[in-house]
Ligand SMILES: N[C@@H]1[C@@H](O)[C@H](O)[C@@H](COP(=O)(O)O)O[C@@H]1O
């Protein structure tokens, strides 16, 4: 696990660099897209590179991490619409190249199984962007999630619903109670995981993710078992890391050719 501590704008550029390097090398790569506020600056940077530097997504495909259950098709906070608004509509993905779990399916369990098959049929995800919840969730794998889980229905914790109420006029009652989410094993199947976290509110979750014992109580800790994880954090999110100086020195001494 590589930990990079840098200011927010630099973190977004590094994540965009990883995606750009992949797409320049292999234009038909499979991307993993995350929602939440953490990846927004990455999407802005990718949209800029598309507009100004000719970075193309025309042959790429992408899979979303998760989706609320039951939000109407036109709801602005439905993750499908968030991803369309923040990235898909701003670059040149082919129609239907971006897929997400169907939170409006009549048979939700079947929709989850179909989603797993779609990811596998695409050959798996090459680079997966991730955020982290204050309680250590990734995608919507809340504390207690099976570390071997696949895409399934989950109940959101009150903490997550409170955290996300800011997207629903601050009204907890408007935040859905259920979601479909890639499981932890699904996420672990991606070949490179790039997790972004900023702000003091994420400091404990980041400490657990990087330095805590692997436990379903902090679901993100499963990433310690992945061979290629990049954790991009600002000073505030890094403020509880015991080995922060070591991570800083390691990154400062890293040869440019090594990449992320
Ligand atoms: N399902 C998403 C997660 O994928 C995201 O990581 C988390 C943190 O969001 P933010 O980046 O806004 O802090 O929020 C939601 O719960």
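Here the Cβ of each residue, glycine as well, is placed from N, Cα and C on the backbone.
Those TrEMBL annotations? Automatic predictions, nothing curated.
Values in this document were obtained by computation on a predicted structure and should not be read as measured data.
Database features (TrEMBL):
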- 10-225: domain 'Glucosamine/galactosamine-6-phosphate isomerase' (DOMAIN)
- 66: active site, proton acceptor (ACT_SITE)
- 135: active site, for ring-opening step (ACT_SITE)
- 137: active site, proton acceptor (ACT_SITE)
- 142: active site, for ring-opening step (ACT_SITE)
- 145: site 'Part of the allosteric site' (SITE)
- 152: site 'Part of the allosteric site' (SITE)
- 154: site 'Part of the allosteric site' (SITE)
- 155: site 'Part of the allosteric site' (SITE)
Euclidean distance between Cα atoms of residue 152 (site 'Part of the allosteric site') and residue 137 (active site, proton acceptor), Å: 15
Residue 66 (active site, proton acceptor) and residue 152 (site 'Part of the allosteric site'), Cα-Cα, nearest whole angstrom: 10
Between residue 154 (site 'Part of the allosteric site') and residue 66 (active site, proton acceptor): CA-CA distance (Å): 10
Averaged pLDDT, computed only over the residues in the domain 'Glucosamine/galactosamine-6-phosphate isomerase' (10-225): 97
C-alpha spacing of residue 154 (site 'Part of the allosteric site') relative to residue 142 (active site, for ring-opening step), in angstrom: 8
DSSP three-state assignment (helix, strand or coil) for residue 152 (site 'Part of the allosteric site'): strand
Nonlocal neighbours by CB distance (under 8 Å) for residue 154 (site 'Part of the allosteric site'), same chain, sequence gap 6 or more: 140, 141, 142, 145, 178, 179, 180, 181
Lowest local Cβ density (other Cβ within 10 Å) among recorded sites: 145, 155: 155
Neighbour-count leader, CB within 10 A, recorded positions: 137, 152: 137
